[in-house]
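S.K.: First, the structure itself, so that you have it in front of you.
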Amino acid sequence: MSNRVIHVSSCEELDKHLRDERVVVDFSAVWCGPCRAISPVFEKLSNEFITFTFLHVDIDKLNVHPIVSKIKSVPTFHFYRNGSKVSEFSGASESILRSTLEANK
């Protein structure tokens, strides 16, 4: 099983992908224990929900982006459809992540 998660390395790359049809963004940090715990789940779900673009953003590396600069806790997940944010939540909950993906299929 391959990893479909795109590790975003620039503000331009994030902006480009946010315009995709269905996007889920994992905003996290390397120092965050819950972020490390949910990461394999996020990768697994990327193979189940193949109609979504799965993005990983390290908030410490992209902190100049307007969206990233507003993140107050990690992990935080944002869900986008055609460039518009449709949902978000914070916390390392597999059940909420899965149900939010299901609701936005």
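Heads up, the Cβ atoms here are built off N, Cα and C, so glycines get one too.
According to Swiss-Prot, the protein carries these features:
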ACT_SITE  Cys32  active site, nucleophile
ACT_SITE  Cys35  active site, nucleophile
DISULFID  Cys32-Cys35  disulfide bond
DOMAIN    2-105  domain 'Thioredoxin'
SITE      Asp26  site 'Deprotonates C-terminal active site Cys'
SITE      Gly33  site 'Contributes to redox potential value'
SITE      Pro34  site 'Contributes to redox potential value'
S.K.: Find, among the recorded sites listed as Gly33, Pro34, the one whose Cβ has the highest number of other Cβ atoms within 10 Å in the structure shown.
M.R.: Pro34
S.K.: Check Cys32 (active site, nucleophile) against DSSP and tell me helix, strand or coil, would you?
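M.R.: Its secondary structure by DSSP: coil.
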S.K.: Take the C-alpha atoms of Gly33 (site 'Contributes to redox potential value') and Asp26 (site 'Deprotonates C-terminal active site Cys') and report the distance between them in angstrom, rounded.
M.R.: 14
S.K.: Compile a sequence-ordered list of residues in the same chain as Asp26 (site 'Deprotonates C-terminal active site Cys'), six or more apart from it, whose Cβ lies below 8 A from its Cβ; state 'none' when nothing qualifies.
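M.R.: Set apart from Asp26 (site 'Deprotonates C-terminal active site Cys') by at least 6 residues yet with Cβ under 8 Å, we have Val5, Cys35, Ile38, Ser39, Phe42, Phe54, Leu55, His56, Val57, Pro75, Phe77.
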S.K.: If you run through the domain 'Thioredoxin' (2-105) with DSSP, how many residues end up as helix, strand and coil?
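M.R.: Counts, helix then strand then coil: 38 helix, 28 strand, 38 coil.
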S.K.: Which ones in the same chain are close to Cys32 (active site, nucleophile), with CB under 8 Å and 6+ residues apart in sequence?
M.R.: Val74, Pro75
